[in-house]
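A.B. asks: I'd like to ask some things about the structure below.
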């Protein structure tokens, strides 16, 4: 390689170009990883649920699993970004820095080689010039010698010409000797520099270039390894992401999803009842002669051709003496019917169960099929009806009210903790006035107590609505159970007593149906007699009483106690003018009468 300087120049340049080519490959790979991570994040953002915090959409296990998979994909995208960052810092950045250093080092070594070559060329030129000068002087000396010999042999030449030619010969011979010595010195110097160039300087430069190229190769090997390590470092985390996706897939529970659907859409309404049979043929047989079998007239009964009849059809008593009909008690699911000779039936209502009719008006299921939808539409249009969720089905209304009560209880607990903290702080300030002014906490304490009273009132109101809904649901279930019993009773043969069974020997007569809440309707019509006073109280703090059902009072005002605190923080009181309402128990000083307590 001593004479392959140009080839080594080309090889080292190729090595640097290859290094930069690999760096460009790593850069494009980094861009791919960054774009991949960005696209994954955009994909996750696109399919992530966009719900407000108050959204109460049912959380199906399949949806939760999908959301967990989206989270894992988001984490996976983060790991791709880590790979790109690691490659950019450890591989691409290192390659670019090393490439710059390599170019600088290669340039320095090549410059040293070119300088050595230039110095050798200069020595060769000096040696060549001295050689050419020596050669020229030798030819001039030969010419001078020939001229001298020619004049010396010529008899016609004068002695002066011969002497002049001899002096010229001696001068040329002397100059030739000097040039010979100079040529010998230059030749010796060139040979020494040439030996030094090819055996010392150039081998040293080539060795430095070789070491530089080997370091470049080692650096490429390290970058290859770093490129793989950047991917291998995130494999455990990526494996966890994939395991999370598998766990999310295993968490899907079809039975739980079905139960969520049932809980979400469960309305609590009763299924529609059977369509009644309407007899339009009653007027045809009213003119039948008295000799035929006809329906006996009964006192206290009235005929209504449009009154509904039960689903079960009575068995006709055409042959034989028909027993005397008796009027059974009227129930929601069984009606007393009478038969005509041709098999037609018409309902006969008794005047006895007036209480049932009045109770059915209050709590019974509406007989108009569209009444429920009309009621729901009215509730949606009317603003105040939305506060108690009356526009929702019973079961959904119960859930909403329970959720609101839970939220109010949590807020009340926070306010209670805040009040306790303020009271403790006030006590500390009173014991240590240098720490703060106790009166500065009074406005905040008053505001907190006001908030507690407001929350207790809201809880009391919502609990009343919840009790109302639960009572209606219980009453509806009782009526459904009684209706099922009566429906089974009317599925058999008609007995002489008006009941209907499959066995003639087991004639059953339906018992009177008791209403689920017999006194609920009557309670609303009771006279609101004023409750007796069981004590008196004195207002410690003023209370505005803006909310409905509360009683405003001033500080120091004396009121009658007509109902004690039931544990909800409210006491029912009455003024001297008869105005009644609830006041916060913590705002008053109560004194109960021993002889009238509990009256």
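Cβ atoms are placed via backbone N, Cα and C, with glycine included.
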A.B. asks: Tell me which of 398-432, 433-467, 538-572 corresponds to the coiled coil entry in TrEMBL.
C.D. replies: 398-432
A.B. asks: Quick check on the annotations: TrEMBL lists coiled coil for one of 34-78, 79-123, 124-168. Which range is it?
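C.D. replies: Going through 34-78, 79-123, 124-168 one by one, TrEMBL gives coiled coil for 124-168.
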A.B. asks: Between 294-353, 474-533, I'd like to know which one TrEMBL lists as region 'Disordered'.
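C.D. replies: Going through 294-353, 474-533 one by one, TrEMBL flags 474-533 as region 'Disordered'.
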A.B. asks: Which numbers of helix, strand and coil residues does DSSP report for the domain 'REM-1' (391-468)?
C.D. replies: 72 helix, 0 strand, 6 coil
A.B. asks: Please indicate, using numbers and ranges, the residues of the same chain that are 6 or more beyond the coiled coil (124-168) and have a C-beta under 8 Å from a C-beta there.
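C.D. replies: Contacts of the coiled coil (124-168) (Cβ under 8 Å, skipping residues fewer than 6 from its ends): 175-176, 178-180, 182-183, 185-187, 189-190, 194.
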A.B. asks: What residues elsewhere in the chain lie close to the coiled coil (398-432), defined as a C-beta under 8 angstroms and at least 6 residues from its ends?
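C.D. replies: Result: 263, 268, 388-389, 392, 438, 441-442, 444-445, 448-449, 451-452, 455-456, 458-459, 462-463, 465-466, 469-470, 473.
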